[in-house]
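> According to Swiss-Prot, the feature L-thyroxine binding site maps to 38, 77, 140, an assignment based on similarity to another entry. Positions annotated as sulfocysteine by Swiss-Prot, on the basis of similarity to another entry: 33. Per Swiss-Prot, the feature signal peptide maps to 1-24.
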């Protein structure tokens, strides 16, 4: 039980830090970044660096088109996953290659991939920061959705 309480507290702490950092980042240097991710390795308590991430947009026939891909930086982040023009109203999927990530660390994970599927920009253009907390056998995710800056109008 103590393990789960510790994990819950760690999750709250990390996600609250991701939230505050995302708020400042989007309002400053990355004001034109409509989609970014922040991934944390809960086993080691550090950012999940070198994690491959793909962004897909759902078509009308429910198939998926790859929009972009990237790898998290040393701080566990990827900025500019989509341009303002690409990131229109629709359903999107972020695919995190978790098995590849954990295998490189010598661990055998449960999940091949972690997919985060969400609807974007259905209430007007917004900026999205998705935070993901990973372990080899679990994940948790949250999002910060911020309003458009005047520069985007």
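Placed from the backbone N, Cα and C atoms, the Cβ positions cover glycine too.
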> Near the residue listed as 'sulfocysteine', how many other Cβ atoms are within 10 Å of its Cβ?
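For the residue listed as 'sulfocysteine', the 10 Å Cβ neighbour count is 21.
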> In angstrom units, rounded to an integer, how far apart are the Cα atoms of residue 77 (L-thyroxine binding site) and the residue listed as 'sulfocysteine'?
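Residue 77 (L-thyroxine binding site) and the residue listed as 'sulfocysteine' have their Cα atoms 12 Å apart.
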> Within 10 Å of each Cβ, count the other Cβ atoms and name the one among the binding-site residues 38, 77, 140 with the highest count.
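Top count of Cβ atoms within 10 Å goes to 38.
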> For residue 140 (L-thyroxine binding site) and residue 33 (sulfocysteine), what Cα-Cα distance in Å is obtained after rounding to a whole number?
23
> For the L-thyroxine binding site, please report the maximum Cα-Cα distance among 38, 77, 140 in Å.
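Binding-site diameter by Cα atoms for L-thyroxine: 16 Å.
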